[in-house]
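Enquirer: One structure follows; several queries about it will come next.
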Amino acid sequence: MDENEFDNQRENKAVARVIISFLKYEEYALKEIYNLRVKKWASISDRQKDMVPNYTKYLANLKAAIIENGKFFRSVAEYALQSISFEPGEIVQPNDLDMSKTCSLLTQVYREWSAEAISERNCLNSRLVPFLKTLSPPKADILIPGCGTGRLLVDLSRMGYNCEGNEFSYHMLLVSQYMLNAGLLQNQIIIYPFIHCFSHWKKIEDQLSPIKVPDIEAWSSNKGMGSMSICAGSFVDCYGRNQGTKISSHYTFSRRMQLSRAKAENSKDVVVTNFFIDTGSNILDYLDTIGHVLKPGGIWCNFGPLLYHFENDHGVETTYEVNPYSGFQDKINDYTPLMGLELSSDDIISIATNHLDFELIRRESGILCGYGRYAGPESCAMPGYMCHYWILKSNPTNES
């Protein structure tokens, strides 16, 4: 089996596992969040049941909401299966982590594609859009790593920008494919994005709020505007440097990716990182990659918290360098922790300006932004994250 065949088989197995997790959502959610609450309700005394007379109705509504969410995920899976087929050996059953990611997609779809979450999207857009309008050329090439289910791509391409998204998660990629390409009409789908969160509610009915998505028709909204595409894979692997980065779980030595990285050099006018830079186990790889992919004089716009995804992860990986002439591994580090390098915003700005030849144009801190937060007027849900916003400009004479 050659390198490409191996990569394709591995990718097919990963995609199959995600599609099956979509198909199993209803079964999983009924088991994990509904059946257990029914059992708890059955266990209490009749006297206590009389104290909460509406709880039986609540449980029935919770079950109905799970079933509706299941319809959404089945639609996503069925759409994906129109263009993907699998060999029997590629069918892999999802694990609990896969199912948890599937459940969390409801929050992501609500955040990106509902009218109710426009205030969350505007935390970035109200800052980014006016700045982009000052740039030349007006048809800038924009890269959005960690593009999620694709809403920011749509919004910016509608303004005339040529947008390329990058996404590592197959969960996100399959949902984005559906939201962008399935010809969905405005408010065609109803989801119940809050049913996996049982805390902080003022009224129990709010947890069962139905949300209509999408609030725009993405498939028709960018006609005659800028281009839009999505590249699947690790940001560092697809766009990073070919030298000076160690091989790891997110960076490979394959010939195909080497060519991709060479092509990416100095190719973008703007990189927009939105709730992204805290997602990697080595943020310096991200910073190097941003510097590599931007054209001289290019702009890096960042928005989001620094809630490092791996700060409490005790997992390990092997990292190493590869001799470009012999192909042998060198400087091998076994059991490299995934945690570590949780840099502050001051650290990041300092590295960018002092080592990567960026100039700081604008900076804000302490911006409160929700993340899939229920938007009701009396919401007691967690308020969200304290976010950082900055704009950095690469040196116009900089050569990667």
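The backbone N, Cα and C atoms fix where each Cβ goes, glycine too.
Sharing the features that Swiss-Prot gives for it:
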- GLN108, ARG111, GLY146, GLU167, PHE235, TYR286: S-adenosyl-L-methionine binding site (BINDING)
- ASP278, HIS309, TYR385: carnosine binding site (BINDING)
Enquirer: Quick check: of the binding-site residues listed here (ASP278, HIS309, TYR385), which one has the Cα closest to that of TYR286 (S-adenosyl-L-methionine binding site)?
Expert: ASP278
Enquirer: Find the one among the binding-site residues GLN108, GLY146, GLU167, PHE235 whose C-alpha lies closest to that of TYR385 (carnosine binding site).
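Expert: With Cα distances computed to TYR385 (carnosine binding site), the winner among GLN108, GLY146, GLU167, PHE235 is GLN108.
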Enquirer: Which of the three DSSP-derived classes (helix, strand, coil) applies to TYR385 (carnosine binding site)?
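Expert: Its secondary structure by DSSP: strand.
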Enquirer: So of PHE235, TYR286, TYR385, which of the binding-site residues has the fewest other Cβ atoms within 10 Å around its own Cβ?
Expert: TYR385
Enquirer: What's the most sparsely packed of the binding-site residues ARG111, HIS309, counting other C-beta atoms within 10 A?
Expert: HIS309
Enquirer: Setting ASP278, HIS309, TYR385 aside, what same-chain residues sit with their Cβ within 8 Å of the center of the Cβ atoms that define the carnosine site, listed in sequence order?
Expert: PHE275, THR279, GLY304, PRO305, LEU306, LEU307, TYR308
Enquirer: How long is the line from the C-alpha of ARG111 (S-adenosyl-L-methionine binding site) to the C-alpha of ASP278 (carnosine binding site), rounded to the nearest angstrom?
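Expert: Spelling it out, the Cα of ARG111 (S-adenosyl-L-methionine binding site) and the Cα of ASP278 (carnosine binding site) are 19 Å apart.
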Enquirer: So which one is it: of the binding-site residues GLU167, ASP278, which has the fewest other Cβ atoms within 10 Å?
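Expert: Taking GLU167, ASP278 as the binding-site residues, the minimal 10 Å Cβ count falls on ASP278.
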Enquirer: Give me the count of other Cβ atoms within 10 A of the Cβ belonging to GLY146 (S-adenosyl-L-methionine binding site).
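Expert: I count 22 other Cβ atoms within 10 Å of it.
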Enquirer: Taking Cα atoms as reference points, rank the binding-site residues GLN108, GLY146, GLU167, PHE235 by distance from ASP278 (carnosine binding site) and give the first.
Expert: GLY146
Enquirer: Using Cβ-Cβ distances, find the residues under 8 Å from GLN108 (S-adenosyl-L-methionine binding site) that belong to the same chain and are at least 6 apart in sequence, listing them in sequence order.
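Expert: When sequence neighbours closer than 6 are ignored, GLN108 (S-adenosyl-L-methionine binding site) has GLY148, THR149, MET172, VAL175, GLY372 within Cβ distance under 8 Å.
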Enquirer: If I take the Cα of HIS309 (carnosine binding site) as reference, which of the binding-site residues GLY146, GLU167, PHE235 has the closest Cα?
Expert: GLY146
Enquirer: If H, G and I count as helix, E and B as strand, and all else as coil, what does DSSP give for ASP278 (carnosine binding site)?
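Expert: Coil, per DSSP.
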